[in-house]
Amino acid sequence: MQMAQFLSLVRGDSIESPREITSPSNLISESGSNGWLIRFFDSSFFCEWIAVSYLYKHQHSGVRDYLCNRMYTLPLSGIESYLFQICYLMVHKPSPSLDKFVIDICAKSLKIALKVHWFLLAELEDSDDNEGISRIQEKCQIAATLVGEWSPLMRPHNEPSTPGSKVLNKFLSSKQKLFSLTLSPPTQKSLLFSPTSGSNLQDDGSQLSADDNKIFKRLIPSPKVRDALLFRKSADKEDEECEKDGFFKRLLRDSRGEDDEQRSNSEGFFKRLLKDNKSEEEEISNNSEGFFKRLRSSKGDEEELTSSSDGFFKRLLRDNKGDEEELGANSEGFFKKLLRDSKNEDEEPNANTEGFFKKLFHESKNEDDKVSNAVDDEEKDGFLKKLFKEKFDEKRNGNERNETDETVYTDETSGEDNGREGFFKKLFKEKFEDKPNIGKADDGNESEDDESSEFSLFRRLFRRHPEDVKTTLPSENCSNGGFVESSPGTENFFRKLFRDRDRSVEDSELFGSKKYKEKCPGSPKPQNNTPSKKPPLPNNTAAQFRKGSYHESLEFVHALCETSYDLVDIFPIEDRKTALRESIAEINSHLAQAETTGGICFPMGRGVYRVVNIPEDEYVLLNSREKVPYMICVEVLKAETPCGAKTTSTSLKLSKGGIPLANGDAFLHKPPPWAYPLSTAQEVYRNSADRMSLSTVEAIDQAMTHKSEVKLVNACLSVETHSNSNTKSVSSGVTGVLRTGLESDLEWVRLVLTADPGLRMESITDPKTPRRKEHRRVSSIVAYEEVRAAAAKGEAPPGLPLKGAGQDSSDAQPMANGGMLKAGDALSGEFWEGKRLRIRKDSIYGNLPGWDLRSIIVKSGDDCRQEHLAVQLISHFFDIFQEAGLPLWLRPYEVLVTSSYTALIETIPDTASIHSIKSRYPNITSLRDFFDAKFKENSPSFKLAQRNFVESMAGYSLVCYLLQIKDRHNGNLLMDEEGHIIHIDFGFMLSNSPGGVNFESAPFKLTRELLEVMDSDAEGLPSEFFDYFKVLCIQGFLTCRKHAERIILLVEMLQDSGFPCFKGGPRTIQNLRKRFHLSLTEEQCVSLVLSLISSSLDAWRTRQYDYYQRVLNGIR
């Protein structure tokens, strides 16, 4: 009991403050029961799947915090595979650490940020907590735009500085370079420090002027100053006081030995400040020289003055109309007015500027005797402290604007204290402090308006963070020491000036008046793994391009989806096509405009691409009863990558649970040599490494090459355990041995095919008998013709309408111009590569590097989140088969959910549905006819196409059984150019079915025309490829059982989502688990798979559903 209380106390204390687990020993010492979990997370087995699954199973904040910290080490491509589940958990199982992780990865990848936005948008439309989801969505948007780390889609072009803001642009560019230098490693030598011509180069490669070069050289800090600024994150509070002296000694050090250069620089400073014409240069030089004598007597040492202040103060203090002459003639009076104290004079709007020069060049006669005795104090509290010093007891007095346009400098009304409230007091005013109303300038005073606009932007660059104001106010009220530390010019000020990326999120303009981010208990501390990168500035061009790309990409996808939604109400079909063409033309015009704001990201596929055009003649309207999906081609350009970007070979590999994307980019491994039937084995694979034992290869080869002439075959299966020995057991019959493990005591599945002993010689089938014979079941083609004939007479079977609702009857008829299918004909009418070359030749972007063509389907009106889940599960089955080395073939595709009723779907090139193949070619009445015409019967390519068909049939049959995928008519079955079959459209799975009636009760679709391709028939006639199909189904099912929890848990995470497939409630997950038959032995599982195949052989319900689709929707 005491131990339990102690553990609970420890857990309670850990929730009070954010935690960051740096070593596993800390958590192990807190709770011994969690030690194994931490060791598991730190092992090499840790991956994206483990992270997501344990985030779902564990509610403890400590476990979640540790998992989120560990997820930072995982690749973004793997995280993107489970982004759908992560966003769902973030909404329905909230955690501060998970929120922060999602926000951080949004800052690293534009595609992830876009997908997070769309996933949250879909949840926002279904959830009651709209405010909470909107808040997270806005934070992700800020992270992706203002503090994004991803490279812009286009290289930002340097904008030329306008004549009205040369001074400000010069300062901004110098300040940005100063930030990058102070935050770069001191050991790196930049070209900017070189005295050669390389130092005169700007970012775009253009030459700097001589004045600009001097300004920049003066702003470059020494390596010691950079070292002092780099320690800001690691310094403790107790070390701040002792390090401050050294910090400002280095920052304000004297540059002795440069008196001549300083004198020339300062002399040039006031020459340009008060210059009227060339004849007055000598007089102004003498005045400025006398001024510096007074300055040196008050300070005791010389401070370096940068020439950057030349143009700045000249613009700040000059009059807008012809005041340069008056400045030249009355320069002596200017300095008298500049340096005198006037406590009883009226205060004018420009008193702040005059107060600045008073503070900057104030004569302090009382300090003449202290110059030699307090050198260190002068270095610490000298120039910059006077320059940036801030007064807290602020007085607000009304000001009046002088009616004339001839005066620039006015007299002061405030005393010595108000005189200090000058230029930099206004510059460093807090962000949330009320701004006094000084008055309005005259309409003709254009320079005053220009000055105020630039001044507000200049002050915003150095604004103080609101949290700093909150933390410094108590100390300011308590003692004067707090004022010294937090006022501008001190070390704390500079530490806050170069604040972290996380602070700049809250300081952004888009964050507005929203609440600042609260640190919730249990959230991990922010990690700063890249201190050498310069912090992003909200005003630079790269940030503007990121913001533009993010919003333009969202608008682009929204316009595509809304087009599909609006086409529903347009009739007839010709008007619908015209409207779609006009909409595409309008989107193309928007694409051209988006090029100036950063470009539009193509959100699908592997890699980062920028959308440049949509060919207007390449759209296709797809057949649908109630919706109007359409297919388009999109021209894209590969996004520009920064120099030095690492390219790894891992990008070509499929991640765990990843989806092969982007129209043929799927990296599908070739099957091992033992997967080939003996008669079709290719020579190229004979020398490759074998993945299974020799006995397994021999057994499968024997099973595949066995030509049985008996009509009925009995299958006898048994599981045997053999010790590791070199002896081989030989059976008298035809024996197939399947290896199921690699342990020392191996388990073998023995498959024996024997003829029925009751058969006589007369029962032996004649080998010359035609392969496709008629049998007791009515052929699909004959039955369909009978139904069509009855419909023509006004008769129809019960429950079937005479015509498809809303469908053109021409869909069921062969094409008028359809010819005979030949071996070289493209299934889709045109090969994808030929289409790609044709469009590239006609496109104005075709000659640009990185050009590519993508094809997508835009769909609206359906919630495609269930289809996204189905494709994700198929990708997991794909990984399971690949890891086991099995040749079962699957082709996942990408479904990108953009809302609860819209989605973008990847198209699979060079494919066509069985329905479209039969409709296009009159000579094709069955799938066997298609194979005979396409691949030439009995040719090597025909055998290879048969093998591809069997491998894909076995893979999809298991998936359809385990996930209970329904609505398997020929419109949802595709064929590719290599003979693979591909399933699409997973709107009915797990517990729902078309019409709410489970009419398709067979485990999977295995009709006669599918069996004919495997040289079998509706009775299950044994053949080489049909036996191969059985073996693959047995191997695949035994392998899937080992990963059952991986599939079940992925589905269980979303069981409360309200998807149609979960309408069965908790029984949905229970039935899914039952279909894996985890309680059966492997021998029993073999018999189970064979019984599933037998139950699916040309099942009556499956055939009747095909008849129904043919009559109702014209699907052949």
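Note: Cβ is positioned from N, Cα and C throughout, glycine not excepted.
Since we're looking at a predicted model, the values are computed, not measured.
Residues or ranges marked as domain 'PIK helical' in Swiss-Prot: 1-143.
Annotation comment: Swiss-Prot describes 210-229 as repeat '1'.
What Swiss-Prot records for 242-261 is repeat '2'.
The annotation repeat '3' is assigned in Swiss-Prot to 264-283.
Among the features that Swiss-Prot reports, repeat '4' is placed at 286-304.
What Swiss-Prot records for 307-326 is repeat '5'.
Summarising the annotation, Swiss-Prot assigns repeat '6' to 329-348.
Mean pLDDT for the repeat '7' (351-370) in the predicted structure: 46. Residues annotated as repeat '7' in Swiss-Prot: 351-370.
What Swiss-Prot lists as repeat '8' is 378-396.
Annotation source Swiss-Prot lists region 'Disordered' at 394-417 (among others).
Under the heading compositional bias 'Basic and acidic residues', Swiss-Prot lists 394-404.
If you look up Swiss-Prot, you'll see 418-436 marked as repeat '9'.
If you look up Swiss-Prot, you'll see 452-470 marked as repeat '10'.
Look at Swiss-Prot and you will find 488-507 tagged as repeat '11'.
Summarising the annotation, Swiss-Prot assigns region 'Disordered' to 515-540 (among others).
Per Swiss-Prot, region 'Disordered' is recorded for 794-813 (among others).
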Exercise for review: Would you mind listing the long-range same-chain contacts of the region 'Activation loop' (983-1007), meaning Cβ under 8 Å and 6+ residues beyond its ends?
Suggested key: 780, 862, 866-867, 870-871, 893, 908, 956-961, 963-968, 972-974, 1051, 1060-1064, 1067-1068, 1071-1072, 1092-1093, 1095-1099, 1101-1106
Point to revise | Helix-strand-coil residue split for the region 'Activation loop' (983-1007), DSSP-based | key: 3 helix, 2 strand, 20 coil
Point to revise | the region 'Catalytic loop' (964-972) - residue tally per DSSP class, helix then strand then coil | key: 3 helix, 0 strand, 6 coil
Point to revise | Non-local residues, at least 6 beyond the ends, that sit with Cβ under 8 Å of the region 'Catalytic loop' (964-972) | key: 870, 913-915, 918, 983-994, 998, 1000, 1004-1005, 1071, 1075, 1102, 1105-1106, 1109, 1113, 1115-1116
